[in-house]
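Remarks on the structure that follows.
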Amino acid sequence: MHFSVRLSLLLTLASSLPLVSAIPQHEDQAYTFPSPGRSATANTDPVLEVGRETQRTPSAWTRLRDSLVESVWGLPQRKEGGEWRTRNQVTTASRAPATLQARYGEDVVLRFTIKTQEEVKALVEASNILFLDVWGSHDDWVDIRLSRDVIPSLLGLLPPSLQSSHVPLIRDLAQTIYESYPKTNPSSPSQQGPTTRRFSPSASTSKTKPQETKNIFFQDYQPLSVLLPWMRLLVSMFSSHATLISVGTTAEGRDIPALRVGVHPTNNAQQAPRRRTIVISGGAHAREWISVSTVSYIAYSFITGYGKSRSITKLLEQFDYVFIPTVNPDGYAYTFSTDRLWRKNRQQTSLSFCPGIDLDHSWGYEWDGNATRSNPCSENYAGDQPFEAIEAREIATWARKEVTVNNVQFVAFVDLHSYSQQILYPYGHSCAHLPANLENLEELGAGLAKAIRKTSRENYDVKAACRGIVASSMGDKDADEAVTSSALESTAGSALDWFYHDMDVRFSYQIKLRDRGSYGFLLPREQIVPTGKEIYRAMVAMGKFLVSPHILTGDLNGPHAAEETQNYDDDFEEDEAEEDSDVFRAQGDDMSS
């Protein structure tokens with residue numbers, strides 16, 4: 001565009017609009033993101049100031065005017081840390097979408113303390129009326145995301161006991177979201193080319209000291225564009241026992257990638273036995289990034305641990321592992337490009353402006369979509385019929401084919417979610433139905449929690465997925481009558497129940513990862529590796545439990561059962577010290593080529 005034309009356009013716009021900044025103003029100060037070290041969460045003040053003045057999103061004309069000023073003249077808007085930056089450059093330290101402030105600038109997360117069934121019912125009704133986003137729930141609390149201007153309406157629908165029993169968990173949601181996005185500095189994996197990325201798995205057996213190198217891939221949350229090349233690279237370097245497969249196709253046509261890891265007999269003359277397989281998946285809910293990183297971390301640990309750790313080597317000789325980092329690639333990609341808190345898949349529904357089906361409510365066993373059928377805009381929308389969500393249907397088809405065609409026996413299924421630090425076993429749809437092997441499920445669940453506690457001192461609760469948010473805090477008599485968690489978030493039609501019941505996977509679990517609510521779905525990147533380590537240790541404990549031939553056959557009272565189980569236990573106990581010194585060093589520190 002000619003200079004005179006640009007100048008004319010600029011003067012015309014300048015004369016028609018007041019000279020105010022497009023950056024939201026608050027208390028006579030321009031809105032600025034805090035320094036990277038500052039946290040946006042706050043748990044100190046007991047009551048959120050509901051009526052205080054809030055930041056205003058600039059008008060469309062103002063944003064257009066400022067954009068033209070910057071694009072034509074490249075003018076700086078303010079000085080930060082001695083360096084001039086334009087509005088567009090303010091977010092260059094992060095991959096956060098430009099619409100972040102407009103979408104979540106007025107939102108907060110409140111935690112309500114729940115003591116009675118009546119309070120639960122009141123909160124459920126109010127949440128449904130106002131279409132609120134229930135983030136999570138536990139024994140005696142519920143976290144809800146909402147706009148500041150909706151808080152008075154919510155409190156007005158609640159009994160007096162709840163009106164004063166809430167605290168602000170996240171005061172500045174937009175800032176906390178901003179901090180969760182990967183940093184875009186030159187050393188970040190997402191900013192490096194395929195030939196320069198320093199996250200390639202090391203095939204070296206050298207024992208590098210932890211402080212000498214850092215595992216760059218797990219130092220941040222990685223988008224799909226980085227995750228997929230990383231998976232291909234991992235397989236190319238460990239092709240003897242790792243394979244990249246697709247377990248289906250998404251609504252938008254993407255593959256659902258998975259890593260199959262295991263060591264098969266090399267004697268072709270020997271008929272291969274039925275292959276026992278463990279599935280570990282994550283990312284069913286797109287915004288739960290930590291589940292994607294954790295599945296990737298466990299997969300990397302098993303793949304690189306083969307031949308180095310006797311425990312991992314034994315497990316990969318006994319089982320195949322199928323790691324599915326994200327069963328919802330479309331939604332996961334959307335959280336990076338557009339909306340960090342998107343939950344569902346990206347499938348079209350009967351309402352064009354409300355796409356998406358909740359993948360973990362779309363499975364065929366005990367599907368119940370009646371509660372959300374009329375509202376595709378619901379975060380828990382389960383579709384109009386079972387398996388309407390394409391990704392759930394595709395994975396179910398893959399699983400059935402593995403059993404009927406490929407001679408696979410699924411022995412365990414672990415579905416990673418966030419948050420609240422819970423280990424859940426079937427059933428989720430109803431507490432009236434008890435699993436046939438309840439005692440074994442509880443025993444292994446307790447073992448997983450113990451392994452986590454020994455690794456990181458973090459406590460994970462073990463319970464049935466149907467247990468209510470107030471059940472465990474009330475007496476046993478009241479627990480059976482307590483309002484179930486499905487009142488706040490339906491657990492019918494889950495992958496957990498489907499794999500257990502329809503696929504006869506005797507050891508099925510849903511694990512809700514860190515934390516207990518300080519950050520919710522926006523867990524800081526610094527907790528990726530610690531979370532990965534503790535769940536990796538839990539998966540090793542699961543393998544140790546399942547490797548005994550008497551566990552899966554159910555013959556726990558055979559003449560040699562106790563003796564053989566003890567032999568397996570002794571072998572794994574001898575390996576623990578070696579694992580901690582060798583494999584953990586590789587997992588958390590060295591991934592550079």
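Counting begins at 1 with the first residue displayed.
Glycine is treated like the rest: Cβ placed from N, Cα and C.
Remember, predicted model here, so these are calculated numbers, not experimental data.
Under the heading substrate binding site, Swiss-Prot lists H285, A286, R287, E288, R343, D360, H361, S418, Y419. Positions annotated as Zn(2+) binding site by Swiss-Prot: H285, E288, H417. Annotated compositional bias 'Polar residues' per Swiss-Prot: 182-210, in sequence order. If you look up Swiss-Prot, you'll see 566-581 marked as compositional bias 'Acidic residues'. Look at Swiss-Prot and you will find C354-C377 tagged as disulfide bond, backed by similarity to another entry. Per Swiss-Prot, the feature domain 'Peptidase M14' maps to 220-546; the stated evidence is sequence analysis. Here Swiss-Prot flags N370 as N-linked glycosylation site. If you look up Swiss-Prot, you'll see 180-210, 557-593 marked as region 'Disordered'. The signal peptide annotation in Swiss-Prot covers 1-22.
Looking at C377 (disulfide bond) and H417 (Zn(2+) binding site), their Cα atoms lie 22 Å from each other. When each of the recorded positions R287, E288, N370, C377, H417 is scored by how many other Cβ atoms sit within 10 Å of its Cβ, N370 comes out lowest. When Cα-Cα distances from H285 (substrate binding site) are compared across the recorded positions C354, N370, H417, the shortest belongs to H417.
Y419 (substrate binding site) counts 24 other C-beta atoms within 10 Å of its own C-beta, drawing on all protein chains shown.
Secondary structure at H417 (Zn(2+) binding site), as computed by DSSP, is strand. Here C354 (disulfide bond) comes close to P376, C377, Y381: these same-chain residues lie at least six apart in sequence, with C-beta atoms under 8 angstroms from its C-beta.
Closest in space to R343 (substrate binding site), of the recorded positions given as E288, N370, H417, is E288, taking the CA atom of each residue. The Cα of E288 (Zn(2+) binding site) lies closest to that of Y419, out of the recorded positions H361, N370, Y419.
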